[in-house]
Amino acid sequence: MTLRCLEPSGNGADRTRSQWGTAGLPEEQSPEAARLAKALRELSQTGWYWGSMTVNEAKEKLKEAPEGTFLIRDSSHSDYLLTISVKTSAGPTNLRIEYQDGKFRLDSIICVKSKLKQFDSVVHLIDYYVQMCKDKRTGPEAPRNGTVHLYLTKPLYTSAPTLQHFCRLAINKCTGTIWGLPLPTRLKDYLEEYKFQV
């Protein structure tokens, strides 16, 4: 998955990529820059965003990983910001995430794009497809007609996430109603910062 810039190739991608770390106050940012900065903050909390990494480095990291293991990295393509690298039955491959009109979706051929679900954040997109893969995958299935099935099942972490983050993931997997839990408001606020299961 690769995050596609709204700008044409060349300096546009570099300019937009630099907005991920925009230094200004939120009121100084354009709504687009604020959305991208928020998306990166959320993505950086995951532990599976690897930042700058080449295609070959991603392949090396995923080479011995089980099928369905994935990571997100900066794209080496000038028209995109992010790429998801995932291990398939045929080896590691890369997918693009497109960003348009404030929404993220998988990159695809034009005739399918309008049918693809769109998300407010990259993490929401990944969380959705991980959950979808859990629901659909019943076991190893031999590809037919040369087709390779692609599953997102397990993130490859840059380093072990904190125990707090693992606890937050466990709570998110058990309930969707954080504010109904008998917890202090400060802890509920922490849980609300990252509402995903992956």
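Glycine residues also receive a Cβ, built from the backbone N, Cα and C atoms like all the rest.
If you check Swiss-Prot, you get these features:
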- 1-29: region 'Disordered' (REGION)
- 1-75: region 'Interaction with AREL1' (REGION)
- Ser30: phosphoserine (MOD_RES)
- 48-156: domain 'SH2' (DOMAIN)
- Ser52: phosphoserine (MOD_RES)
- 151-197: domain 'SOCS box' (DOMAIN)
- Lys173: ubiquitin cross-link (CROSSLNK)
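On its own chain, Ser52 (phosphoserine) has Arg73, Asp74 as residues at least 6 apart in sequence with a Cβ closer than 8 Å to its own Cβ. Per DSSP, the domain 'SOCS box' (151-197) is made up of 23 helix, 2 strand, 22 coil. The separation of Lys173 (ubiquitin cross-link) from Ser30 (phosphoserine), Cα to Cα, is 34 Å. Looking just at the domain 'SH2' (48-156), the mean pLDDT is 86. All protein chains included, Ser30 (phosphoserine) registers 11 other Cβ atoms within 10 Å of its own Cβ. In the structure as shown, the Cβ atom of Lys173 (ubiquitin cross-link) sits within 10 Å of 12 other Cβ atoms.
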